[in-house]
Amino acid sequence: MFAVVFFILSLMTCQPGVTAQEKVNQRVRRAATPAAVTCQLSNWSEWTDCFPCQDKKYRHRSLLQPNKFGGTICSGDIWDQASCSSSTTCVRQAQCGQDFQCKETGRCLKRHLVCNGDQDCLDGSDEDDCEDVRAIDEDCSQYEPIPGSQKAALGYNILTQEDAQSVYDASYYGGQCETVYNGEWRELRYDSTCERLYYGDDEKYFRKPYNFLKYHFEALADTGISSEFYDNANDLLSKVKKDKSDSFGVTIGIGPAGSPLLVGVGVSHSQDTSFLNELNKYNEKKFIFTRIFTKVQTAHFKMRKDDIMLDEGMLQSLMELPDQYNYGMYAKFINDYGTHYITSGSMGGIYEYILVIDKAKMESLGITSRDITTCFGGSLGIQYEDKINVGGGLSGDHCKKFGGGKTERARKAMAVEDIISRVRGGSSGWSGGLAQNRSTITYRSWGRSLKYNPVVIDFEMQPIHEVLRHTSLGPLEAKRQNLRRALDQYLMEFNACRCGPCFNNGVPILEGTSCRCQCRLGSLGAACEQTQTEGAKADGSWSCWSSWSVCRAGIQERRRECDNPAPQNGGASCPGRKVQTQAC
C-alpha cells in the first residue's frame, strides 16, 4: 500500500500544475492511521418508577465507547422520558410541623411569611385566602431584583461549561426588604415623549434576594483591550481554554492548559462548538491569529453559605431521589442542575474577536499582525494594554483608506481572511450589533447595557453535592453521598481522556459522543499521526483515572498513566499527579 502511494506521488511530481498543498503533502511523513473505533452505547436501563409530582418516568444508557478516528457515530440520545400515571401521592418534604407548607412542592415556610405580600411559594399558596395582608414594613414592590440574580442562581456543568437549571431560589426574599444602592442612578435620561431630561430614580435601589449575602455595584470599567498573537490554532485554543478555567475557582474535570479540551458532552453541545468548528477551518493552512479581548465588570456578589433556600424545582427533584444508589436517577439530577453551584463571583460581560490572517499575503504587503490589529481595534476607541501604535507598512491614513476593516473588501485588502466574534452579556440588541459592527458607539452602548443585563463572568463554585450540607432540610446525608458518588461517575463518563491518542501534540476533543483530534500545523490525519517534521518533540497526555481501589485503613486511591500518548523524542511528560487518594 505504501509503495503504491509513493509511486503515485512520484508520478505527480513529474506532472505540471501540481499545487502548493500537494507539494506539502509530499513532504509529510506517513504513519499508520489508528483503526476506526465505533461509538457504543449500553442497552437502555429499566424505566424508573413514575415520578408522582411530574407524571414522568425516565431511563438512560451509558456511553461505553465514544467513536474515534472516523468510526461510526452513535444515534439517538442517552436520556429518555415518558408520561406515566402514579398511584403514589406526590412526594412531599418532611412534615413542616407548625410551619406553613407550600401545596405543590412541599416547601416549609415560617408563619410570618404567610400573607405578607411576597409570593414565597412557587404556586402562590402562601398568599391565597388572605383576609389581612401583613405588608412588609417598607413597600418593596417598587424595586426590581438586583441585575443578574437569576444567572447567579443557576447550576453549572463543568464539562459542557454551560449553565444548568436553578439551584438557588432567586425570587425568595425571606420576608426582608434589603436593597442595594446603585451609584450611577444620577445619570440623566431623555424622555422623547415629554421632551424632558430626568434622573433615573427608579434605578436608584434594587432589591436583594435572600440567598445573596452581598451584592455591590461597580463603576462601569473594563480591563482594557488586550491583544495576543498566535502562530497556530492549537496555541490559540489552549489560551482560550486556560482563560475559561481561570474564570472559575474549582477546576475538577478541566485540568491544566495542556490537558484534553472538553467541549459539548452528555446530552447537549457546548456553545463553544461552533467557535471550534470555525477555527478548525483554518488549521491546515498558513494562517496566524490575533485575539482581541476585553472583560467588563459591573458588580461583585457573594451567596449565602448556610440555610440556603433551594429553588422549588430542584427541591422537588431532590425529594424524589431514592436513598438507595441509582446512577441513572442521580446522573439525571446532575444533568439537570449541574455538576457545581456558584458561591461568589463577578457580573459583567466579555467581548472578544479573533482575526484570521493570511500570513503570506500580510508579508507581501509589508505589514505586521500588530499593524492589522491596531487598525481593526482602533474603531472601538479604546486604548490597548500593550500600547500598540500604528506603524510598519500600514499608516494611519492607509488604515482609514480601508475604513478600519469594516467591510469584507477592506478586510481582504489587509490580509484578514475571517473574523470570529464572541460576545457575552448585554442586551440582545447591542450584543448582536457588536458582533457585526465594531464601532465606538456600539461598544459603549453594549457596555452601558451590561449594568442591567450582565452575565456571571468570574466565579467560585462547589460540587453540587455540597449544597445539601448547607440547607435547613434536615438529614440528607444518604442522598449527599449518593450524589457525590454519581458525580465522580458522571465526570469520568464524559471526559476527553477517553479520546485519543492524538499524536504530535494534537489535542483530543470530545463533542457529544464523538472524539476528534485537533492537529497542529504540519500534522494531519485522524490521529494527527502524519507530520512534516521528522523527530519533533511531542508531549505526553494522561489516560483516564482508574476506578477507586478498595478502602484500606481509611484510604483509597486511583491511578492514571502518561501514555495517551506517551512523550516522544524528548517531549514533556504529563503535568500533575499520577496517584490520587481520598478518605473512605
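Cβ coordinates are placed from backbone N, Cα and C, and glycine is handled just like the others.
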Choose one of C497, C515, C517, C519: the cysteine that Swiss-Prot connects to C502 by a disulfide bond.
C517
Between W47, W542, which does Swiss-Prot record as C-linked glycosylation site?
W542
Listed as C-linked glycosylation site by Swiss-Prot, one of W79, W548:
W548
To which residue among N43, N437 does Swiss-Prot attach the annotation N-linked glycosylation site?
N437
By Cβ distance under 8 Å, which residues at least 6 away from the ends of the domain 'LDL-receptor class A' (94-132) in the same chain are close to it?
53, 140-141, 171-175, 312-313, 315-316, 319, 473-474
DSSP three-state assignment for C562 (disulfide bond):
coil
Of the recorded positions C84, D120, C544, W545, C562, which one sits closest to W44 (C-linked glycosylation site) when you measure Cα to Cα?
C84
Near the region 'Disordered' (562-584), which residues from the same chain, at least 6 beyond its ends, have a CB less than 8 A from one of its CBs?
255-256, 258-259, 497, 500-503, 505, 508, 535-543, 545, 548, 551, 554-556
Drop a 10 Å sphere on every Cβ of the recorded positions N43, N116 and tell me which sphere holds the fewest other Cβ atoms.
N43
Report the member of W44, W542, W545, W548 (the glycosylation sites) whose C-beta atom has the most other C-beta atoms within 10 angstroms.
W542
Would you list, in sequence order, the residues of this chain other than L113, N116, D118, D120, D126, E127 that have their CB within 8 A of the centroid of the site's CB atoms, where the site is the one recorded for Ca(2+)?
L109, V114, C115, G117, Q119, C121, G175
